[in-house]
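A.B. asks: TrEMBL lists these features:
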type	residues	note
DOMAIN	19-469	domain 'Major facilitator superfamily (MFS) profile'
TRANSMEM	54-72	transmembrane segment
TRANSMEM	109-129	transmembrane segment
TRANSMEM	141-160	transmembrane segment
TRANSMEM	172-192	transmembrane segment
TRANSMEM	204-225	transmembrane segment
TRANSMEM	231-253	transmembrane segment
TRANSMEM	273-297	transmembrane segment
TRANSMEM	309-327	transmembrane segment
TRANSMEM	339-357	transmembrane segment
TRANSMEM	369-389	transmembrane segment
TRANSMEM	401-426	transmembrane segment
TRANSMEM	446-465	transmembrane segment
Amino acid sequence: MDGLTRQPGAMTEVRKRQIIVGVLAAMLLAALDQTIVAPAMATIGRSLGDAEHLPWVISAYLVTATAVTPLYGKLADLYGRRSVIFASVSLFVAASILCGLAQNLWMLIGARALQGLGGGGLIALAQTVMGDLVPPKQRGLYAAHISAVWATASVAGPLVGGVFAEHLHWSLVFWINLPLGFAALLVMWGPLKDLPFVPRRRRLDIPGAALVMAGASLAMLALSIGRMTGVWLSTPVLGLAAASVVATILFLLRLKTFEEPLIPLRVLRDPVVLRGTLAVACGMGGFVGLSAVVPVYLQATNGVSPDVAALGLIVMAGGTVVGSLITGRLIPRLERYRMPAIAGLAISTIALGAIVASEGARPLLATQILFFLYGLGLGPIFPTVTVSVQNAAGPKDLGAATGLLAFMRSLGSAFGVAILGAIVFGAGGEGAQHGTLSFDPATFRLAFTAALCSAAGAFLLVVAMPERPLRDAPEPLLSES
């Protein structure tokens, strides 16, 4: 670092675009990985001769990726974005090579856990870099691009993964990460030298990092084991949950004693950050949970094929993108920039309420419209909360706050899948294991009621979130060069 003072605005537009394209490509790596692997699972099990432990291919990644997300945010604040994002992408790509070369399932599971250690930083770091480049008042536009990346991955991932597994080779779902990862680094490596950076004394709270990673890992393991076994009150699940609670309490106590903790208390105590991150956790919990339920729901209630049932997910994701893009363009123009998110979450809640209140099957078109309205209403929360949290945190804590936001998003997703999956597949879907879809309609009603509660919770949290004026210019910072 040469000590030169530089503003983000001093960077040329070409170099800004290079960085933005690069970080979106890095985020696509993480988003695609969460959707492209699932369609290849059956083929992987047959090829490697082990179907019993197959769910750990997904769970190993989720456990490690969720656990390290807050750590990446803090490391980016301490050491700069360039070196940390390089480490994250490089580790992810290297682990992808190991996944592609795996000769047995346990080797693949280990490589997936390593891949999660790299992938856990991709989303948080991409959003942090966006926050460095763009003033808060304009960030909604770019947050909408991030939502578009997720929607693209949610549609393209299952299609590409299915083609690779069925017609080519399952390992291609991992090899595809190499060109994407190298392209991301190639595009943004040079321009990242000019990225703004707040220098500070470099002291990482290693015990605090260990505690938060242990708490998250244990919670994710408890959810994974409960989801795979269907027994939520077993000794392993309860023991892991209890250990997670203990680690979390110790971490919170650590925050009060360490001078520069992993997540500064000033960040956690900020009502915008606290309520915003909880709102996103609620919103993502319902959305991701429903993503696991909707295809089965449409097959069971409307008697459609799996291909047609998948359209429900596409419609729901499409609504989210539309809502996010519209909100991204509205935020710079609105003084009351929370209003699109508040109105949207009200629409989502009403749409889910209509599904819960209806008796029996409804026409497929009517159901798809309700799913679209749910996604449309949920979309605004993501750019709104991202902009609000980053604006509240300021440059000094941008990485930590963004890492916390990504962490809560992942944790909410995990809980949503676990809760809604347990309701549908645990309480009423025993027949699904044998290829038959014999579900009690009350089971689906209960699942949609849980999703409705999550949307209503997100609505109340956004309403309670303070609305601070958005800065319309970046603050002067030091470059990383």
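Along the chain as shown, the residues are counted starting at 1.
Using the three backbone atoms N, Cα and C, a Cβ is placed for every residue, glycine included.
Situate these features within the shown structure.
C.D. replies: Long-range contacts of the transmembrane segment (54-72) within the same chain, counting only residues at least 6 positions beyond its ends with a Cβ under 8 Å from a Cβ of the stretch, are 30, 33, 37-38, 41, 44-45, 84, 88, 105, 108-110, 112-117, 119-121, 123-125, 209, 212-214, 216-217, 220-221, 224, 227-228, 262-263, 399-400, 403-404, 406-407, 410-411, 414.
Counting only same-chain residues 6+ beyond the ends of the transmembrane segment (109-129), those with a CB under 8 A from a CB of the stretch are 19, 23-24, 26-27, 29-31, 33, 53, 56-58, 60-69, 71-73, 76, 81, 84-85, 87-96, 98-99, 102, 143, 146, 192, 195, 386, 390, 398-399, 402-403, 405-407, 409.
Long-range Cβ contacts of the transmembrane segment (141-160) within its own chain (Cβ-Cβ under 8 Å, at least 6 residues beyond either end) map to 20, 24, 27-28, 31-32, 34-36, 38-39, 126-127, 130, 134, 173, 176, 291, 310, 313-314, 317-318, 320-321, 324-325, 327-329, 331-332, 379, 382-383, 386-387.
Sequence-distant contacts of the transmembrane segment (273-297) (same chain, six or more residues past either end, CB-CB distance under 8 Å): 154, 267, 306, 309-310, 312-313, 316, 320, 345, 352, 371, 374-375, 378, 381-382, 385, 388-389, 392-393, 401, 404-405, 408-409, 411-413, 415-417, 419-421, 424, 429, 432, 437, 439, 444, 447-448, 450-452, 454-455, 457-458, 461-462, 464-465.
Within the chain, the transmembrane segment (309-327) has long-range Cβ neighbours (under 8 A, six or more residues past its boundaries) at 140, 143-144, 147-148, 150-151, 154-155, 158, 287, 290-291, 294-299, 340-341, 344, 367-368, 371-380, 382-384.
Tertiary neighbourhood of the transmembrane segment (369-389): same-chain residues 127, 136, 139-140, 143-144, 146-147, 272-273, 276-277, 279-280, 283, 286-287, 290, 294, 312, 315-328, 331, 337-338, 340-341, 343-352, 354-355, 401-402, 405, 455, 458, 462, 465, 467-468, 470, selected by CB-CB distance under 8 Å and a gap of 6+ residues from either end.
Here the transmembrane segment (401-426) has Cβ contacts under 8 Å with residues 62, 65-66, 69-74, 76, 123-124, 127-128, 131, 216, 219-220, 223, 226-227, 230, 232, 263, 267-268, 273, 276-278, 280-293, 296-297, 385-386, 389-390, 392-393, 432, 439, 443-444, 446-447, 450-451, 454 of the same chain, all six or more residues outside its ends.
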A.B. asks: Would you say the transmembrane segment (172-192) and the transmembrane segment (204-225) are touching, if the rule is that at least three C-beta pairs must lie under 8 angstroms and be 6 or more residues apart?
C.D. replies: no
A.B. asks: Could you give the mean pLDDT over the domain 'Major facilitator superfamily (MFS) profile' (19-469), rounded to a whole number?
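C.D. replies: Summing pLDDT over the domain 'Major facilitator superfamily (MFS) profile' (19-469) and dividing by its length gives 81.
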